[in-house]
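For reference, Swiss-Prot has these:
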- 1-23: signal peptide (SIGNAL)
- 50-330: domain 'GH10' (DOMAIN)
- Glu161: active site, proton donor (ACT_SITE)
- Glu267: active site, nucleophile (ACT_SITE)
Amino acid sequence: MIPNITQLKTAALVMLFAGQALSGPVESRQASESIDAKFKAHGKKYLGNIADQGTLNGNPKTPAIIKANFGQLSPENSMKWDATEPSQGQFSFAGSDYFVEFAETNGKLIRGHTLVWHSQLPSWVSSITDKTTLTDVMKNHITTVMKQYKGKLYAWDVVNEIFEEDGTLRDSVFSRVLGEDFVRIAFETAREADPEAKLYINDYNLDSATSAKLQGMVSHVKKWIAAGVPIDGIGSQTHLGAGAGAAASGALNALASAGTEEVAVTELDIAGATSTDYVDVVNACLDQPKCVGITVWGVADPDSWRADESPLLFDASYNPKEAYNVSQLLSRQHAFDLYLKLGNLLLSRLHSD
């Protein structure tokens, strides 16, 4: 009897997952077998994660997993304003230097995060009311932090979370004092500080192509680019609820229409971490030519800011979830091609008997 297509697909999946089971512990896996290497094999720049001194010096499995599985790192907190310039003109780079040294030592691409953000902002900044003062403070902060790592970082999130849910600019000290011109000031200063770094605007809830927030992002970025503001990329944080991965493709495609060189998924975590949701997001990036990579926002669930939702690729025991192994397949098309190859092979043998 000739097996039907469902039986063939099931056989293919068994073979695929058997291969994953034999691949060895993820903390000791060779880089050539990593999820990052497989992502790069599909033409992308990286599949990364986050780190900081605290997490790197916590559970020893965290740095081991990062070294073996991810090709890019973003700092979770060490490059934010309250960490780098807690008092005016007094810069502290202890945490960020530790992070950068770890990333460089282990050959990881680095994304800087973040220069201008309304949150984790020292009160001495948020209390400024004078345009000239705030402009000078912004320029000095951006220039000093970026020059500390000039030539070492692939990209920077220059401005972060500047939109409300209706697509208008968020109320912050920057927008209140400078209006939307703070965006131009930030990006022009960043370009001068490190001309080689890719400069991003980054935000959350950009997960539906039809949402007012996403549409507001696209329209503003188009306008700013037309005015000469040097925005190279849009970062979609992609903090998702369960079942929301299916909309990722449409959302990334919509963001890509804004006219930037790049888009990226910058802070991925998904409630429940189902393989379906993670594969949907991976495929969304693979299918969008401007999407350069994905950064997962944490290694294992205990370290996540959403720990109670189990949103990451590694569980509380630092073991890989099904979503990690399935994501290694990288795309439905890749898996479907394997189904077809296996099916054709079996059918040809059956017909030749």
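Cβ atoms here come from the backbone N, Cα and C positions, even for glycine.
Predicted, not measured: the structure shown is a model, and the values here were computed from it.
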Given the active-site residues Glu161, Glu267, which one has the fewest other C-beta atoms within 10 angstroms of its C-beta? Glu161
Could you please provide the mean pLDDT value for the domain 'GH10' (50-330)? 97
Whole-number Å only: compute the distance from the Cα of Glu267 (active site, nucleophile) to the Cα of Glu161 (active site, proton donor). 12
Three-state secondary structure, which DSSP defines for the residue listed as 'active site, nucleophile': strand
